[in-house]
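If you look up TrEMBL, you'll see 3-136 marked as domain 'Enolase N-terminal'. Per TrEMBL, the feature domain 'Enolase C-terminal TIM barrel' maps to 144-435. The feature active site, proton donor is assigned by TrEMBL to Glu212. The feature Mg(2+) binding site is assigned by TrEMBL to Asp247, Glu296, Asp322. Here TrEMBL flags Lys347 as active site, proton acceptor.
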Amino acid sequence: MPIRNLYARQIFDCRGHPTVEVDLITELGLFRASVPAGVTTTASEYEAVELRDNEKNNFHGMSVFNAVDNINDVIAPEIKQSCFEVTQQKDLDNLLLGLDGTPNKSRLGVNATLAVSVAIAKAGAAKRGVPLYRHVSDLAGNRTFVLPVPCFNVITGGIQAGNKIPFEEFLIMPTGATSFADAMKMGTEVYHNLKKLLLAKYGTLAFYTTEEGAFAPNIKNPKDLLTILNKAIDTSKYKGRVEIAMDCGASTFYKKGKYDLNFKQKKSNPKSWLTADKLMKQYLDFIKKFPICSIEDPFNMDDSWKDWKSICEKTSIQVVGDYLTVSHPERIKQAIEMEACNCVSLKLNQAGTLTEIVQACMLAKQNGLGTVLSHRTGDTEDTYISDIVVGLKCGQLKGGAPSRSERMAKYNQLLRIEEELGPYATYAGKAFQNPA
């Protein structure tokens, strides 16, 4: 089934920033895909480059007209002239990589290649007459389907919030749910009980929400946050069934070999900066006192391999590499060799094509690592990540808070998939790191 037309445009993500949307047309109709964007990039040579126009007087430099032009003027003519069917995902993705010709998508932009790649996958699924999640499952060689444990971001700190919290995210994971629908019940109830507790203790300013729908109370001590979050779980009567996860984002407050937990203050005293050992002691104290099942990016991404390995040895919980591995096979291989983490975060726009994210996921799994598929802060209403996480059997999905329509669209799609699969749907639950 040939591609009759391929056309891109600039639209807007949930923050009001420009992003790329693609329409791909075949004899079966129109297939549309849009791409998300993160708040930060790692400056890693391995992370794919998002192409922005950088014209200060045009959308504050955030416009994506060059990426749009790359699709319309470079990619579209080549794809339409190719003899590939839309079911030939790997061949078409390789065509995209060849057209770009750089190791990090810096010519065409990851926001161009990803939009086209996902639109192709949607068309390929339609050509085969199967749902997108089944099409992705076949691309990955999976024969069963797993509904992920949703990782709900309920409190935000770090560089994503204007409060004093140094760590990026505090999340809840309904690992004790019996189904994805049950997990949604647990997550929403804890979220709303947390809102009530924040209001009662800290007043109305405490439950203003961030771009991902999480609360951002102006609390400095992470232990106070963990205490009130744990209370929200207990109040909801989900003790032992809903656990806590932390995304520390430690690279963002790493300075001169130490960690500055006061980095958001105007003046930070270097004498208060923590060594890796002291920071690890704090993490281990949190893990001992609270039902924490996962910790992400606890240390800097480049020169802290021994610290990553050490925390893996000192705790049995999940240790996730995000900034550390940036969804790139070479970094994942390095993390495996260094025994630096037991799970990796996968982000579609860090890789750039569906084929590359499938390969990264398979590499991690073949080496015993867990996988968590992650959204981005600047997301759109597109829901393909929900199909991809089921098709890849990741076991975990970071999709933001159980709030805001661009977040809930992903969770609602997972409810539909679970309903459609019926008895063939397995919820990852306590086996989230290595689901069956």
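Quick reminder: no glycine exception, Cβ is built from N, Cα and C everywhere.
What TrEMBL annotates, mapped onto the structure for a quick look.
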residue: Glu212; record: active site, proton donor; DSSP class: coil
residue: Asp247; record: Mg(2+) binding site; DSSP class: strand
residue: Glu296; record: Mg(2+) binding site; DSSP class: strand
residue: Asp322; record: Mg(2+) binding site; DSSP class: coil
residue: Lys347; record: active site, proton acceptor; DSSP class: coil
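Listed binding-site residues near Lys347 (active site, proton acceptor): Asp322 (candidates Asp247, Glu296, Asp322; Cα-Cα distance within 10 Å). Surrounding the centroid of the Cβ atoms of Asp247, Glu296, Asp322, where the record places Mg(2+), the chain contributes additional residues within 8 Å, namely Glu168, Glu169, Met246, Cys248, Gly249, Ile295, Asp297, Val320, Gly321, Tyr323, Ser345. Glu212 (active site, proton donor) and Asp322 (Mg(2+) binding site) have their C-alpha atoms 18 Å apart, to the nearest angstrom. DSSP labels the residues of the domain 'Enolase N-terminal' (3-136) in these numbers: 56 helix, 24 strand, 54 coil.
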